[in-house]
Structures are given as structure tokens and as C-alpha cells.
Ligand SMILES: Nc1nc2c(ncn2[C@@H]2O[C@H](COP(=O)(O)OP(=O)(O)OP(=O)(O)O)[C@@H](O)[C@H]2O)c(=O)[nH]1
Ligand SMILES: [Zn+2]
């Protein structure tokens, strides 16, 4: 998926904030953080780092320039009358927690019960990218994914589960290793029917 992300997005493309600082300002901020960490931004090994970090941010936070509606715009109706559950499980994602700006990463499992056609399977993985490549909480990301599915596909039901490890809990802070945070949300038939929920959990393989 990374190959489709533009690492050099223009500084003006974000509609969520009034304006972005220039690339030069972003690089200066990185130099400040290097000095704040205790190193010398002028030593040889760090000279190009601000430029690399700015470029990396273009990739890691590309989600601000991605649009869920565009990702889910194309559907297919010719599926032989198939209208049962579609589950795409184990979609890997890397996000950054909005509290510490360090990664949390794991897998997303997305299911829906089609109403009027199905969406290309890759689009569900792309949808995860739209929201993962931002400053996030796991709860917000879970809600945003299912809201986008409901708004754009109008399914009879949808289910989203995220399982993630938060590096702000492992490499700093409480240093609780191997802790997984699980969030899930059900809407439509999945919210109303425990049998559908259990089917989702069983198919995801969640114990
Ligand atoms: N609910 C939720 N909390 C998160 C997420 N990512 C990080 N956090 C938590 O955000 C909280 C921020 O707590 P604060 O007390 O403001 O910050 P802090 O002093 O750095 O907290 P510690 O991590 O406990 O050292 C921490 O408990 C994190 O574990 C997330 O996706 N969802
Ligand atoms: Zn955090």
C-alpha cells in the first residue's frame, strides 16, 4: 500500500487545518527537537535528518490528504446475488497516537453485510490507510472506519475490530510489553443480533 502514498504532498493540500507551515519551517522544527533531545543538529550524521523527517511525515501522515468517499466510490453489483457477510481480516496498519506522536500498530478486521453491491476488497485496506495515517486514538479510528462504511456503502450491517500495540505503553511510560488493545464497533444487523456478532468474532478468530 505504501507505494500509493505520495511522500511529497504539497504543503497546501490539507483541508482539515487552515494552513500548513512551509517545508523549511517543518525542517527547522525537527532541528529544534534534535537539540531538545540533546544532540547536535549540525553534526554530519544529522545534517540531512530534518529533510528526511519532513519527507517521512508526508508518508506517515498522508491520511489527511486521502478521502474515504473517493476510496469507496466504486461498487460492483454483479456478484451472483451474494449478499452474505464479507470479512476482510488482518489488514495491517501503522498509526500514531495523538497523545505522544509515537506509533501504535496492529491489524484491522472489517466486515459488512452488502445491501446494494459490494466494494473492491482492496478498498477496505485503503480505507484503513485513510484514517491510520493521521494522529489518532484507536477508538476514534475504529469509529471513523465504520462511519465511512455506513455513509458510503449503506450496508445492512457493519463490524470493525482493531487490535493494536501502542508504543507509548511499551517503550516509554508504563512499559507494559505485549499488551494489546482491542476495540470494536457494530452497526446495523451486527448491533442488533448477537448471532451475527458471534459469527464475526468466530470468523476473525478472536478468543
Ligand atoms: N483511550 C486511548 N488512550 C490512548 C491511546 N493512545 C494512547 N493513549 C493513552 O493516552 C494517555 C495519555 O495520558 P496522560 O496522563 O495525559 O499522558 P502521560 O503522562 O504521558 O501518560 P502515561 O502514558 O501513563 O505516562 C495514556 O494513558 C496513554 O496510554 C488510544 O488510542 N486510546
Ligand atoms: Zn500515546
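A Cβ is built for glycine as well, from the same backbone N, Cα and C atoms used for every other residue.
All TrEMBL annotations are machine predictions without curation.
Following the DSSP three-state reduction, the secondary structure of residue 100 (Zn(2+) binding site) is coil. Taken from TrEMBL, the feature Zn(2+) binding site applies to 97, 100, 168.
What TrEMBL lists as domain 'GTP cyclohydrolase I' is 27-204.
Among the features that TrEMBL reports, region 'Disordered' is placed at 1-24.
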Review point. Within 10 Å of the Cβ of residue 100 (Zn(2+) binding site), how many other Cβ atoms are there?
Key: 15
Point to revise | List of residues, in chain order, with Cβ under 8 A from that of residue 168 (Zn(2+) binding site) and at least 6 apart | key: 97, 99, 100, 102, 104
Study note, to complete from the structure: Those same-chain residues, other than 97, 100, 168, found with Cβ within 8 Å of the centroid of the Zn(2+)-site Cβ atoms are 96, 98, 99, 101, 102, 104, 166, 167, 169, 172, 173
